[in-house]
């Protein structure tokens, strides 16, 4: 176990104690909800250009190196790690012993060492707090977080005044100059996404919940497309809202908490999330008024305002944080063009195609320096920034799991209909999408009459309980059908161009869109 020398060391403090320290240290203030409110300066989202993975003998041929998985030399990592240790040795540090992964076979023990008390509270909220010594002899991973230490690009071999470095061989994650807490959780997500596939476990950027009978649903999607909102269902039990593994026998959460977007949060639309923001939770970059009352509509700090809270704050949850293999898999896509249907039933080849494509939108982007507003994107595996191995590794595992379980995969459009974004289209309302999801989870959607949507070759239902029939075929929602066809053809061309980079079976490639007839 890594030994950390510090001026003062606080080990395994309770959430209450960490909150007291954070307030006393001036790291944040208590809001009217009881949640700790903090701000993170200029870094209000992830910094993908500042994320590195150590390239060594173990990782050289296993990682898909490039703009997402940027390589860094072992020597560069070691020098910065030592500098961070020296920096922290002159300060009070907070240490918590946690774990990631709710499965007894695949969990990782985790030691989180932070400069800020609130970062340690975040780790306690988001990771899993084990009961007793649960390491089972497994070696522990270490997160070292020193947000007050700045990097120098010339001296440290990095791109800015901050860096996230993942050392897969040494089981170390280093965060320097990174006040945005989400970097910690996504770094460990990347670690699991690297480690699990060789163990026949598919790591997934998805939410998961379970019905009264134990049936499990998975919700894949980028941030802001509906994972957290749709999985927080008043009639189902939450497993988790963001990161899961799918083994031959179960679906299990990687985390012990939730990290919900707060922009425009309302009690009426999202009561479970609203009620979870209380003492013990963290509000990150949420604007408060002079009385400490949060204004969730105020985006002056960022569109990516967040709340972190433990799973225990969701009353309807699966206690053991895992479930059986899924009965339904939903790919949430936010279509800005308004040409995709609100729901389609996918074959396993289509599932692989749309999984690899990851077509969606960046909504209130989670990344630093992104343009304001909404832009379309293709994000492989519905989470390209977090998957170190080649994308086909994950797609092949997905197809294997679909074949083994016979689960139905659905494409669900949480984006626009009747026209494009900013051009007369309207976004599907949350109640409409919830009705679609309810129809999917009831099992009735796949039993009813269907038709094929030309061009995309998608099988779509002709009716869905609680949804206007005319919404189900996107071509019928546009006043000008020729305008729909032209916009659809444009998107189809984007799909094709994006997919050229993948080396896949012909059956998967042919499952994609063809020309509009």
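Here the Cβ of each residue, glycine as well, is placed from N, Cα and C on the backbone.
Under the DSSP three-state reduction, residue 180 (substrate binding site) is assigned to coil, being neither helix nor strand. The feature substrate binding site is assigned by Swiss-Prot to 46, 180, 186, 306, with sequence analysis given as support.
Summarising the annotation, Swiss-Prot assigns ATP binding site to 186, 205, 221, 222, 223, 224, 225, 226, 227, 228, 229, 270, 306, 433. Over all protein chains present, the Cβ of residue 306 (substrate binding site) has 25 other Cβ atoms lying within 10 Å.
Listed in sequence order, 189, 205, 206, 207, 227, 228, 255, 258, 259 are the same-chain residues six or more apart from residue 242 (Mn(2+) binding site) with CB atoms under 8 A from its CB. Swiss-Prot lists 186, 205, 242 with the feature Mn(2+) binding site.
Taking the C-alpha atom of residue 229 (ATP binding site) as reference, the shortest distance to any of the binding-site residues 46, 180, 186, 306 belongs to 306.
For residue 225 (ATP binding site), the nearest neighbour among the listed binding-site residues (46, 180, 186, 306), judged by C-alpha distance, is 306. Note on residue 221 (ATP binding site): other Cβ atoms within 10 Å of its Cβ, all shown chains, come to 27. The distance from the Cα of residue 180 (substrate binding site) to the Cα of residue 223 (ATP binding site) comes to 16 Å. Each residue contributes its Cα atom, and for residue 223 (ATP binding site) and residue 306 (substrate binding site) those atoms are 11 Å apart. For the pair formed by residue 306 (substrate binding site) and residue 221 (ATP binding site), distance between Cα atoms is given as 17 Å, rounded to the nearest Å.
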